[in-house]
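Listed in TrEMBL for this protein:
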ACT_SITE  Asp218  active site, proton donor
BINDING   Arg45, Gly46, Ala47, Arg79, Gln177, Asn228, Lys229  substrate binding site
SITE      Cys138  site 'Transition state stabilizer'
Amino acid sequence: MDSHIIWENDKLLLLDQRQLPFKKIYVECCSIYDVAKAIKDMVVRGAPAIGVAAAYGFVLGKINGIDDETIYNILINTRPTAVNLEWALQRCLNQYKDYGDLLELAKKIHEEDISINKQIGKNGKELINNGENILTHCNAGALATGGYGTALGVIRAAFEEGKRIHVYVDETRPYLQGARLTAYELMEDGIDCTLICDNMAGYLMRLGKIDKVIVGADRIASNGDTANKIGTYSIAVLAMHHRIPFYVAAPISTFDMSINDGSFIKIEERAPYEVREVFGTKIATDETKVFNPSFDVTPHYLISGFITEKGVICPPYGNFILEKFNI
Ligand code: MRU
């Protein structure tokens, strides 16, 4: 699939993910403010992709003549839950003087993310058996990362190896990342998939139609508690009840070792209209009260393993994560 994050002539071009799968339009970001708006408005989304876009945003901030602290503050305040944003900005702050060229660093963060995802895919494909049905939630694919994807990276790698697999795609209300982005990505690659509404997963599990669940992550606490798209927790509970393995695929940069557990993760709440409307069409009146948390936290004891670029980590987590990966 074409790149969705492109640096060209001192501008950042972002494929507008709000328009997919019906239109392929790039939004042109000429300033750090354009990038901040694009992240906030979900032109670009997905934890690692936000980090990559922010790194290029840092470059634009410097071109715009803005000081480091202000650049950091503009970008960090776009979306609160994904740790990759903070990670990429810290890396820009700490390392760009060493590299001498901030643009080279942003490109490196971008390229590294793609190769990390390929390594996650390589490590994770061993967990997938021929003929399996895999359930995924939200979009943890190429569009959510620098490229290739984390959860979808594992699925892609298994498919590329010749394994016959089928993917159930949760539509992922309210923003429909599953229906609009994941189904689109899988179909582009010729990977067999079926779209379901979020509330169908339990029934499918009961019917024995799901062998494994693989999702991405936005922030993983040091004990393994994992923030991901709203609805992930419900699937993990269902998977545990039906004794179905539930895996989280994520780069090491998604682990936040500064927090002990998931209660410290800030959950983004988004605007009520996202729930009252579907693709611009109202499904409830403006007076209807809405709660719209964008993420939830899955407790570590529901997670069968973390698929990372350094290997697969299985329980017990906690200090084990620290020791295993030296982070
Ligand atoms: O609100 P979004 O679309 O940015 O949320 C994205 C997710 O929750 C993804 O599953 C997560 O970022 C992992 S992406 C590799």
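Even glycines carry a Cβ here, placed using N, Cα and C.
Structure with TrEMBL features highlighted.
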| residue | record | contacts (Cβ under 8 Å, 6+ apart) |
| --- | --- | --- |
| Arg45 | substrate binding site | Gln17, Ile39, Ala144, Gln177 |
| Gly46 | substrate binding site | Ala82, Asn139, Ala140, Gly141, Leu143, Ala144, Thr145, Gly216 |
| Ala47 | substrate binding site | Ala82, Val83, Asn84, Leu85, Ala144, Gly216, Ala217, Asp218, Arg219, Ala250, Thr254 |
| Arg79 | substrate binding site | Ile39, Lys40, Ile50, Leu85, Glu268 |
| Cys138 | site 'Transition state stabilizer' | Ala144, Asp170, Thr172, Gln177, Gly178, Thr182, Val215, Gly216, Asn228, Lys229, Gly231, Thr232 |
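Only Arg45, Gly46, Asp218, Lys229, in sequence order, out of the recorded positions Arg45, Gly46, Arg79, Asp218, Lys229 have a CB under 6 Å from ligand 1. The substrate site is defined by Arg45, Gly46, Ala47, Arg79, Gln177, Asn228, Lys229, and by the 8 Å test on Cβ atoms against their centroid, the other residues of the chain that qualify are Ile50, Ala82, Cys138, Asn139, Ala140, Ala144, Gly216, Asp218, Ser294, Phe295. Secondary structure from DSSP puts Cys138 (site 'Transition state stabilizer') in coil. Counting every protein chain shown, the Cβ of Asp218 (active site, proton donor) has 32 other Cβ atoms within 10 Å.
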